[in-house]
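Peer 1: From Swiss-Prot, here are the annotated features:
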BINDING   C12, C15  metal cation binding site
COMPBIAS  139-153  compositional bias 'Basic and acidic residues'
DOMAIN    1-68  domain 'HMA'
REGION    126-153  region 'Disordered'
Amino acid sequence: MGILVISVDLQCCRCDAKIRKVLGCLEEEYCIEKVEYDVKNNRVIVRGKFDPEKLCKKIWCKAGKIIKEILIVDVWPPPLPPPCKPPPCEKPPEDCKPKPCHCCSCEKPKPKPKPCHCEKPKPCHCEKPKPCEKPPPCKPEEPPKPPPEKPPPKPECKLVPYPYPVPYPYAGQWCCPKPEPPKPPPEPPKEPEPPKPCGCSHAFVCVCKPAPPPPPPCGCSGGHGNCGCGIRPWPPQVWPPPPVCPPPPWCYTEDNANACSIM
C-alpha cells in the first residue's frame, strides 16, 4: 500500500481547490482509497493501492505550481522516537568522602541566610498578546468584463454651399426634395413614306389596287333620311324628261337617203 505526503498551502483557497480537483480526477485511475487533509500542518495524505512513484510524477505534472514537497513513506504518522533515558548516576567512591574531623580546631559552619522579607513583586497588568488573526480567504478573481460597446457614430450633416445672405423668408431651404434629372427630348415624328407609283398604263382609273371594302349595313330602311349612320342619303328619284317635240312642218329637212324612193 502506497502513502504520499503532499505539502500544499491549504490556507489559500485556490491551492486547496486545485489539489482537490487533481486528486479527484486521479482517484479512479490510480485506485486512491483515502485522502486526508491536514489544514493545520498544510499537508495532504494520500493512501491507496498504487505505484507511489508514478502517482508522484503525475501530481507534479498536474499541480506542480502549488506543491512544495511530496514524500513517499511506508507508515504515517511516523512512530515517535523512544524517550531518552538519563544516564545512571555514578556513585562516588567511598575513599573520596571527607572524613569527619574530631579535632577542635575545625571551623564552624556558617549560619544559613535568613529569608528575605522584601515586598513581593506586583503582578503585571499588561494586556495578554492577542492570537494572530487568520488571513481572509482568497476571493476568486472575477472574469474580466467585456469592454462596453461603442455607440454608433452620429450622422454627420453635409454642408451644401448656398449664396449668403439667404433671402427671407426662404421656404424649403432644407426640405426641398432632390431635383429629378432632366428627361431626354422626345424623338421627332417620322415622315410618312411617299406613295410608290404602281407602274400601270391606266391614266384615269387604276385597277392595280384593290377596291375599298363596302360600308357596313346600317340597318335602316335604305333611304338614309333620318338615319344616324353617317351615310349620305340617296338622291331623289327623277322622272325621265319628256320627248323632244317634232319639228314643225315648214322646217326644211334634208332628205333621208335611207328613205323609200316612192316617198
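Just so you know, glycine gets a Cβ as well, placed from its N, Cα and C.
Tell me what's around each of these sites.
Peer 2: The number of other CB atoms found within 10 A of the CB of C12 (metal cation binding site), across every protein chain shown, is 15. The DSSP secondary structure for C12 (metal cation binding site) is coil.
In the predicted model, the domain 'HMA' (1-68) has a mean pLDDT of 90.
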Peer 1: With Cβ-Cβ distances below 8 Å as the criterion, list the same-chain residues six or more beyond the ends of the compositional bias 'Basic and acidic residues' (139-153) that contact it, or say none.
Peer 2: 13-14
Peer 1: So how many of the residues in the compositional bias 'Basic and acidic residues' (139-153) end up helix, strand or coil by DSSP?
Peer 2: 0 helix, 0 strand, 15 coil
Peer 1: List the same-chain residues at least 6 positions away in sequence whose Cβ sits under 8 Å from the Cβ of C15 (metal cation binding site), in sequence order, or say none.
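Peer 2: For C15 (metal cation binding site), the qualifying residues are V8, D9, I66.
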